[in-house]
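Beneath this line is the structure, given in structure tokens, with notes to follow.
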Amino acid sequence: MQKRARLLLAVKAAISIGLLAWLVMTIAEREGMDALGERIGQLAAVPLVVAVALHFAAVLSGVARWRVLLDARGLGQPAPWLLRSFLIGRFIGAFTPSTAGLDGWRAYDVARRTGDMPGSAGVILVEKLFGLVGMAAVCAVLAPLGALDRLGPGALPLALAIAAGSVLGLFLLASPARTRALARVAPRAIRGRVEKIAEALAAQQLSASRIASALVLGIVTHLAISAVFAATGASLGVAASTTTLLAVGNAITIAILLPLSIGGVGVREGVAVMLLAGAGVPTSDAVLVALLGYVTGQVPALVGGVLLMLDRGARERRAASTELAPDRT
């Protein structure tokens, strides 16, 4: 198993290095490497602040959705504690593929407080389904608005397929029994996952209002993250419309969820270059649109890192005081 994990890591590293090398060579050939430094010096500060604020908006909506689903499972926690845990998870997630670190930390942290690891993990699983439905809804709206001219004739069928996936997700969320029925006829390769989703849904007390809240919050989260790249594009003053930048940001967000590289390195920049080329955006600008989206997203992660260090310091002080306390027995 370790050998396979090392092989996958090597493949992802090779993909990241290969994509970065291609991007560097492309910039050097078309605009020269000096173009990157010049464009960084011309950045507008206000849109970058907006990009950071959008990342925090995505965090807040993610925390709110998590809280709704925890309450439905009977594992409710105070909002400030959940925000703290989420930010720490963002910091841990900066060093892991996709959202594995964030999701794993949150499942562990709630289980540590409640003693219910299966329940906590089940909430994360259901949350992922809500997130996918929200992402599908945003994709279905943005693809025709901004990406149709960038992606060519395949964009409309893609939007329709995503819309169909969104409807299917809503259909399943409304009834765990339907998910169980789907699991019975699902291909063997995915049957286990569908069964786990059905079990997790069955354990949730999902009223219509909770389903609606979780779905809206999922859409807000995904839209905020997509809008980050519109803000970084505005900071650079790129020659692309806001809807196009939103659509490109949406495509980047989807691409980095796929475990193709280490932390999405190279993938987000490659997607931006390919999609923005049709809008006349230079390669150096397209790379910076994606890179700045990533960098501004590290601000919440850094806050989480500080909180994690404070937590560890507090635990160490408590442990030290316990050891030094006199034995009164």
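Using the three backbone atoms N, Cα and C, a Cβ is placed for every residue, glycine included.
Feature annotation from TrEMBL assigns transmembrane segment to 7-28 (among others).
As annotated by TrEMBL, transmembrane segment applies to 40-60 (among others).
The transmembrane segment annotation in TrEMBL covers 81-100 (among others).
The transmembrane segment feature in TrEMBL is assigned to 120-143 (among others).
Residues annotated as transmembrane segment in TrEMBL: 155-174 (among others).
Under the heading transmembrane segment, TrEMBL lists 211-232 (among others). For the transmembrane segment (211-232), same-chain residues at least 6 beyond its ends with a Cβ under 8 Å from one of its own Cβ atoms are 47-48, 50-51, 54-55, 57-58, 61-62, 64-65, 68-69, 127, 130-131, 133-135, 137-138, 142, 170, 173-174, 242, 245-250, 252-253, 272, 288-290, 292-293, 296-297.
The transmembrane segment annotation in TrEMBL covers 244-267 (among others).
As annotated by TrEMBL, transmembrane segment applies to 287-310 (among others).
Listed by sequence, the residues of this chain that lie at least six past the ends of the transmembrane segment (287-310) yet keep a Cβ under 8 A from its Cβ atoms are 23, 27, 36, 39-40, 43, 48, 51-52, 55-56, 59, 84, 86-94, 228-229, 231-233, 235-236, 238, 245, 248-249, 252, 264, 268-269, 271-273, 276, 281.
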